[in-house]
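Presented below is the structure to which this report refers.
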Amino acid sequence: MADNKTENALSSDATEVRAQKLKLLREQIGDVYPAHFHRTMTNAELGAKYESLEPDVETQDVVTVAGRVYSSRNSGMFMDIHDASGKIQIFSHKDVTGEEARALLPMIDIGDIIGVTGVVRRTKRGELTINAQKIEMLTKSLLPMPEKWHGLSDIELRYRKRHLDIMTNEDSKLRFQQRSKIVSGIRRFMENDGFMEVETPMLQSIYGGATAEPFKTHHNTLKLDMYLRIAPELFLKRTLVSGLTDKVFEINRNFRNEGVSTRHNPEFTMMECYWAYADYEDMMDLVERLFEALALSIHGTTEFDFGDKRLSFKGPFKRVPMPDAVKEATGIDFLTIKTDEEARAAAKAAGFAVEKDWTWGECLAFIFEEKVEATLIQPSHVTHFPKDISPFAKEVPGEPRLVERFETYCNAWELGNAFSELNDPEEQRRRMVEQLEQAHARGEKEKQLDEEFLDAIDQGMPPAGGLGIGVDRLIMLLTNAPSIRDVILFPARRNKAD
């Protein structure tokens with residue numbers, strides 16, 4: 001819960017003064033919140049155009065800019081205004097500024113948005129400045145701003161009042177600008193690689209494509225219970241069956257009614273794609289090319305810092321089969337273990353607390369999570385997953401207990417998950433029925449078999465590689481963000497009263 005003292009500091013007697021000024025402004029100038037204002041350039045464009053202007057030089061160029069007032073000195077003689085691109089200094093003086101504009105100065109507070117027209121100059125100290133001839137009030141702010149150089153120190157308040165966080169925290173602002181660049185970069189990379197972007201339903205009458213608890217709602221007209229999707233997988237595969245394209249992808253939100261942590265948000269962004277006539281090794285190459293391109297676009301190099309670690313997105317990444325990784329970490333050779341009972345016994349003998357009904361594959365995956373995940377700091381592909389936990393992947397030739405699946409890890413986080421996709425309709429049905437029975441045994445009575453998907457697979461899906469990438473976690477790494485809530489503009493949070 002946010003500190004009430006911190007929040008109360010944003011509401012003081014200053015609000016009364018601002019309200020009084022607003023009343024006076026309405027009387028004096030009429031519309032304090034005009035519908036339109038024409039500026040001739042942004043602050044960044046201004047800075048770029050006059051980058052070579054020497055100190056103590058005044059031009060004859062008249063420009064019009066707009067922005068929020070971040071600082072005011074000498075009774076408004078000097079003001080810094082910021083737009084989304086940067087800041088510019090405004091100078092007001094009786095020798096250059098009209099009487100009407102100077103009369104407005106006492107009514108301007110930190111946080112107000114103003115428009116300024118004037119002549120460009122650079123001061124003796126080298127500060128690019130506009131000598132204000134005309135000043136217009138565009139938005140009167142009724143609340144004081146947090147102090148620019150300290151921002152919001154209360155973390156929960158930063159998430160709840162993200163507008164103030166970005167307004168006063170350059171790191172936060174840059175991170176969300178980079179997020180936009182990364183998402184655009186993913187889309188551009190996929191399109192340049194020949195993938196077609198599609199949009200699949202967010203509301204689904206049958207949820208599937210992953211094992212997770214869904215959010216449930218109800219469609220009144222259709223008289224139908226529906227679910228926010230937990231994954232787009234089944235619809236994207238149906239698109240592949242259709243022949244619309246051989247390479248399909250989607251960037252969109254998934255929803256899972258589960259826990260919240262520094263790496264989990266109930267609403268999160270995924271990039272999921274399917275590539276006909278490819279397999280999981282092709283998807284590994286795709287991941288490496290994509291990650292390298294994104295690192296270069298953000299950092300100009302494939303190496304970058306995350307916390308105290310130096311990470312490299314330069315391919316090829318390390319590739320290790322899960323049974324080999326577990327054997328190296330624990331000495332347990334799962335490939336020589338024949339039965340579920342033997343697997344549970346071996347795990348218990350090594351000190352792992354496993355459930356009495358766990359299968360060979362569940363024991364292998366659990367020990368991997370306990371002993372290996374935390375060691376995967378540099379980007380790595382973990383391959384050869386147990387079939388028990390991978391219902392949509394093809395078997396590894398010669399080892400029917402394992403499938404052609406990999407997960408990409410970095411900083412001990414799972415970033416991506418990919419398969420050589422199962423397209424045998426009889427085997428697909430058998431595995432989905434088995435998965436459904438397991439879900440019902442866990443008490444998930446609403447889980448249903450997606451017959452429309454199975455009908456599409458019966459029609460014939462080409463061999464394909466499939467991949468899902470957690471976009472938020474990837475952005476965390478690329479922007480050095482310690483929490484997923486630092487890269488989601490408005491993350492899930494408790495109500496203020498809680």
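Backbone N, Cα and C atoms are what each Cβ position is placed from, and that goes for glycine too.
What you see is a predicted model, and the numbers here were worked out from it, not measured in a lab.
Sequence-distant neighbours of E407 (Mg(2+) 1 binding site): residues of the same chain at least 6 apart with a C-beta under 8 Å from its C-beta are H381, V382, F385, E414, G416, N417, A418. Annotated Mg(2+) 1 binding site per Swiss-Prot: E407, E414, in sequence order.
Here Swiss-Prot flags E414 as Mg(2+) 2 binding site. According to DSSP, E414 (Mg(2+) 1 binding site) is assigned to a strand segment. Cβ contacts within 10 Å of E414 (Mg(2+) 1 binding site), excluding its own Cβ and spanning all protein chains shown: 16.
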